[in-house]
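*Asks:* Mind having a look at this structure? Questions to follow.
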There are 2 protein chains.
Amino acid sequence: MNEKLLAGKHLWYFEYYTGGDVGLFMKIARMVHSEQTPIQRIDIFDNPTLGRVFALDGITMTTDKDEFMYHEMLAHVPMFTHPNPKNVLIIGGGDGGTLREVLRHPEVESVVLCEIDRRVVEVSKQYLKTGEAFNSDKVELVFENGAEYVKKIKNQFDVIIIDSTDPTAGEGGHLFTQDFYRACFDALKDGGVMCAEAENALYDFNWTKIAYRRIKSIFPVVKAYVGFMTTYPSGFWLYILASKGLDPIKDYRFEAARAMSQQLKYYNEELHKACFVLPNFVKRTLEESL
Amino acid sequence: MNEKLLAGKHLWYFEYYTGGDVGLFMKIARMVHSEQTPIQRIDIFDNPTLGRVFALDGITMTTDKDEFMYHEMLAHVPMFTHPNPKNVLIIGGGDGGTLREVLRHPEVESVVLCEIDRRVVEVSKQYLKTGEAFNSDKVELVFENGAEYVKKIKNQFDVIIIDSTDPTAGEGGHLFTQDFYRACFDALKDGGVMCAEAENALYDFNWTKIAYRRIKSIFPVVKAYVGFMTTYPSGFWLYILASKGLDPIKDYRFEAARAMSQQLKYYNEELHKACFVLPNFVKRTLEESL
């Protein structure tokens with residue numbers, strides 16, 4: 001119906017999903033920023049439907065329209081599972097979206113955000129709404145490979161959130177290794193909680209299985225949960241929560257979650273439980289991966 | 001990374017989402033069938049990742065890879081809400097996927113499938129796995145506009161499932177009117193249950209709101225639920241269940257759902273409840289639409 005749009009004056013963005021024969025395209029109404037850093041290519045552009053879009057190496061990281069779905073689910077499930085999350089580490093997340101959600105929690109005293117690419121934080125502060133979160137004086141920025149950084153830390157954090165890019169792209173692969181998850185375990189205090197984005201169930205399900213199996217070999221409590229993320233491949237996103245003992249369903253702070261959900265667009269105290277109910281093929285595939 | 005694929009010997013399929021500036025592309029490894037019927041254009045092709053893809057007027061209806069997500073959620077939620085679904089009407093659904101799921105229920109004595117386009121059923125039987133469902137002798141096919149057909153029926157069905165195409169495409173718009181929903185109410189027996197696909201929460205949310213408001217004005221019990229449908233726009237699909245009194249959460253047949261879920265790939269007895277837990281922006285938007 002809109003074939004004429006393909007011709008003419010517009011630029012277009014194509015994100016090829018794993019395999020390369022399916023993907024999402026977006027019209028580029030305005031190219032805002034594009035650069036090649038030593039680590040990866042950063043692109044920021046405006047799309048009439050999705051608003052501002054931020055991509056790394058041709059993989060969509062955030063859009064104004066739907067970034068809340070991913071950031072709320074990645075942050076609030078672990079944050080409300082922990083009874084008192086004072087010290088938080090975010091690995092990756094240089095756009096600031098996860099940081100914004102973590103900072104909503106009044107218990108938080110400090111957040112270390114470890115981002116491998118300084119330029120991601122700099123352009124996010126300049127061009128993205130999510131970048132406003134970096135204005136908080138509770139934030140300490142570390143520009144280093146997350147896997148290297150976390151190895152040096154012991155017994156320091158209540159919650160660690162792994163907000164990585166795809167393992168097949170750029171430097172994200174370092175954040176899916178067994179050594180890395182072990183280092184996260186050691187960097188957590190007793191009673192600590194870790195949460196990792198774990199790719200999608202259609203195009204990159206192997207990465208989910210690998211992450212699940214590796215995390216299961218280290219943490220005593222490991223549960224996968226799901227959420228919509230409409231501009232990520234398939235829209236069907238997985239997360240893995242792991243802890244040193246706390247159960248995300250039995251132990252979460254229901255009343256606090258209910259109170260905060262008033263100001264949120266996705267997460268609420270009932271979804272906190274419902275998101276752990278997995279479709280059969282996801283449940284079976286994860287069980288078989290062990 | 002795969003830009004070279006754009007050149008060369010392949011055909012490509014582009015589905016433009018509402019607005020036309022975002023969409024999904026798929027490589028066409030083999031074009032299986034393409035025709036213009038009096039109603040719409042039918043395309044069937046093979047994609048290396050998704051398997052066989054079936055589209056109407058450039059809108060993806062089924063792929064081998066993920067059609068189970070949509071068909072299981074559209075069929076089993078109403079079918080397990082009803083205590084004894086003997087007589088079922090499917091409006092649309094000419095690919096046979098919803099029919100296959102309905103026929104899993106041993107209580108079913110007859111299914112009327114009312115499809116406006118005879119050619120959809122014919123090509124589905126010839127080219128799609130879902131078309132095998134038409135071999136059942138419990139099925140009566142009616143080739144007619146669903147809105148016209150249902151007006152003539154009173155007090156006949158236990159369950160009506162509306163498996164329409166997008167309201168903005170082809171003839172799907174007839175299946176989103178107040179008169180149509182009223183006719184469905186009248187075609188249901190006492191205790192009857194209706195379920196309708198209700199588009200997505202990102203690109204076509206206005207249609208969800210319209211359907212919700214109209215159905216709410218007619219049925220005493222109306223609840224929206226959600227499910228992943230990874231090759232539909234946004235991957236975030238909505239469904240509306242309506243009944244003459246049964247509550248899909250309090251009254252559903254938990255044990256029967258649990259037993260059948262062994263043979264299903266998506267739906268299970270816990271998801272039946274969890275799918276009614278809506279993200280905040282969906283809940284608020286539907287409430288505001290009334």
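Residue 1 is the first one shown; counting continues down the chain.
Backbone N, Cα and C define each Cβ position, glycine as well.
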*Asks:* For the spermidine site that TrEMBL assigns to B:His71, B:Asp163, B:Ser164, B:Thr165, B:Asp166, which of B:Asp95, B:Asp186, B:Asp190 is also named?
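*Replies:* Site partner of B:His71, B:Asp163, B:Ser164, B:Thr165, B:Asp166 for spermidine, according to TrEMBL: B:Asp95.
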*Asks:* Which one, B:Glu72, B:Glu107, B:Glu109, B:Glu115, is listed by TrEMBL in the same S-methyl-5'-thioadenosine site as B:Gln40, B:Asn145, B:Gly146?
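*Replies:* Same S-methyl-5'-thioadenosine site in TrEMBL: B:Glu115.
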*Asks:* Just to be sure I understand the packing, how many Cβ atoms besides its own are within 10 Å of the Cβ of B:Glu115 (S-methyl-5'-thioadenosine binding site)?
*Replies:* 25
*Asks:* Work through the binding-site residues one by one (B:Gln40, B:Glu115, B:Asn145, B:Gly146) and name whichever has its CA nearest to the CA of B:Asp95 (spermidine binding site).
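*Replies:* Nearest listed residue in space: B:Glu115.
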*Asks:* With DSSP assignments reduced to helix, strand and coil, which class does B:Gly146 (S-methyl-5'-thioadenosine binding site) get?
*Replies:* helix
*Asks:* Please report the Cα separation of B:Glu115 (S-methyl-5'-thioadenosine binding site) and B:Thr165 (spermidine binding site) in Å, rounded to an integer.
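*Replies:* Approximately 11 Å lies between the Cα of B:Glu115 (S-methyl-5'-thioadenosine binding site) and that of B:Thr165 (spermidine binding site).
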*Asks:* In whole Å, how far is B:Gly146 (S-methyl-5'-thioadenosine binding site) from B:Thr165 (spermidine binding site) when you measure between their Cα atoms?
*Replies:* 12
